[in-house]
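Engineer: My questions all concern the structure below.
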Amino acid sequence: MTVATGDPSDEAAAHPGNPAEYDPDADHECCERVVINISGLRFETQLKTLSQFPDTLLGDPKKRMRYFDPLRNEYFFDRSRTSFDAILYFYQSGGRLRRPANVTLDIFSEEIRFYELGDEAIELFREDEGFVKEEERPLPDNEFQRQVWLLFEYPESSGPARIIAIISVMVILISIVSFCLETLPIFRNDDDEPHSVFDTNTNTTIYFTSTYFTDPFFILETLCIIWFSFEFLVRLFACPSKSGFFGNVMNIIDVVAIIPYFITLATELAEKPEDGQAGQQAMSLAILRVIRLVRVFRIFKLSRHSKGLQILGQTLKASMRELGLLIFFLFIGVILFSSAVYFAEADEPESQFESIPDAFWWAVVSMTTVGYGDMVPTTIGGKIVGSLCAIAGVLTIALPVPVIVSNFNYFYHRETEGEEQAQCLGPVTKEDSNEELKKSRSGSTISKSDYMEIQEGVNNTIEDIPEENLKTQANCTTLANTNYVNITKMLTDV
């Protein structure tokens with residue numbers, strides 16, 4: 001038991017525990033209360049609660065002093081009442097921020113900016129609201145490389161960058177159109193395949209190939225590849241990270257779009273048909289056609305400049321689980337109904353279903369409701385199986401579609417409303433604070449002249465007030481607050 005000595009009215013002496021460890025200032029601050037008036041609704045909290053976040057508007061004594069009403073001995077804010085419950089809970093809970101259900105996102109975002117809760121609180125709020133955190137886009141350290149990187153990677157950064165993006169899109173479209181037109185019969189040159197002529201004078205076979213390098217489509221393709229290669233090499237030179245550059249799917253597509261040209265070029269230059277090698281040349285031509293087919297992937301280069309294609313790619317990526325389930329269900333249905341229709345048509349002499357693998361095509365076409373009609377059941381049992389197959393296909397495809405559509409809507413709205421949300425959650429500016437201060441003043445019962453006098457006195461004396469006095473300003477009520485009268489008198493006398 002601790003025995004108190006001296007004056008029994010001394011609170012410090014009567015405090016239980018070790019008297020040397022007792023801090024009366026801490027106990028004094030713990031008891032101080034702050035009254036905050038939000039558009040007529042009064043809130044009361046302890047000073048130490050607000051002091052947990054000294055960089056915010058309510059936590060900084062100098063910042064909140066601008067809104068002090070000395071006649072009412074309270075802080076007045078002409079702000080949203082319903083939002084302040086969550087703002088005050090932010091201080092009481094140590095940093096947890098939850099938007100009330102009856103407050104819209106834009107209004108609550110404005111309140112966060114006004115009370116200057118900080119970037120960390122905004123990020124936590126965005127995560128709680130379900131916003132996907134935007135990926136950081138590093139820029140090169142070198143100034144020249146940074147300008148080049150912005151020029152080729154971010155079309156919205158400047159006018160020249162927009163022009164380069166337009167040129168790139170036009171070249172991609174020209175390349176795709178050329179790829180399609182060269183297959184038309186009037187443009188197709190069937191002399192690409194090697195042919196031979198027997199020379200009776202030398203008793204040898206001479207192989208000929210077409211003049212590939214004089215083909216107008218080859219010249220047009222060469223011009224497109226020059227631009228693609230130039231663009232790729234410049235972006236590779238200016239990129240901030242080489243490993244990150246080659247890890248990007250879009251850059252891999254760029255490489256895939258360029259490589260077939262050089263493989264084709266090398267094959268044409270190295271091709272020298274000799275006697276007995278006609279079969280190898282035919283095989284080489286087949287491989288070459290497959291390589292040329294890869295050129296069609298250039299169409300994906302448009303996704304670099306198209307938000308719609310990017311949204312589609314994000315939707316497919318987010319819906320991989322649903323797409324996998326769809327393919328799995330289709331696989332089960334194909335096996336089940338192809339087996340059923342085969343045995344249902346087994347006794348039919350003119351049946352088109354000669355085996356279960358032959359019926360796979362019919363099952364896929366029926367379940368996807370395409371119905372080419374090249375394979376049809378003729379027996380009653382086969383028609384029943386076909387009907388069940390079509391119904392099962394409709395149900396199987398329809399089930400995961402709403403989930404995929406929901407993902408698409410999410411990414412679409414996130415992309416279209418991203419800029420507006422970023423503006424709502426942007427940092428508060430000095431002009432915004434001044435405007436909010438004017439609104440707060442206009443809603444007070446004190447006259448304009450009185451406010452000007454009080455504000456002038458606050459501005460002239462706030463820097464001279466010691467920090468410990470700011471902690472015990474007029475609005476705070478304690479068991480023994482000796483600074484209350486002095487500060488009130490100072491503000492009202494000005």
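Backbone N, Cα and C atoms are what each Cβ position is placed from, and that goes for glycine too.
Pasting the relevant annotations from Swiss-Prot:
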type	residues	note
REGION	1-124	region 'Tetramerization domain'
REGION	1-25	region 'Disordered'
TOPO_DOM	1-159	topological domain 'Cytoplasmic'
CARBOHYD	ASN203	N-linked glycosylation site
TOPO_DOM	239-249	topological domain 'Cytoplasmic'
TOPO_DOM	306-320	topological domain 'Cytoplasmic'
REGION	307-320	region 'S4-S5 linker'
SITE	VAL376	site 'Important for binding with the scorpion mesomartoxin'
TOPO_DOM	413-494	topological domain 'Cytoplasmic'
Engineer: What is the number of other Cβ atoms found within 10 Å of the Cβ of VAL376 (site 'Important for binding with the scorpion mesomartoxin')?
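Structural biologist: Summing over all protein chains shown, VAL376 (site 'Important for binding with the scorpion mesomartoxin') has 15 other Cβ atoms within 10 Å.
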Engineer: Under DSSP, the region 'S4-S5 linker' (307-320) has how many residues in helix, strand and coil?
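Structural biologist: Going through the region 'S4-S5 linker' (307-320) residue by residue, I get 13 helix, 0 strand, 1 coil.
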Engineer: Using a Cβ-Cβ cut-off of under 8 Å, list the residues of the same chain that are 6+ residues beyond the ends of the topological domain 'Cytoplasmic' (239-249) and lie near it.
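Structural biologist: Sequence-distant neighbours of the topological domain 'Cytoplasmic' (239-249): 138-141, 145, 149.
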Engineer: Tell me, what is the mean pLDDT of the region 'Tetramerization domain' (1-124)?
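Structural biologist: Value for the region 'Tetramerization domain' (1-124), mean pLDDT as a whole number: 76.
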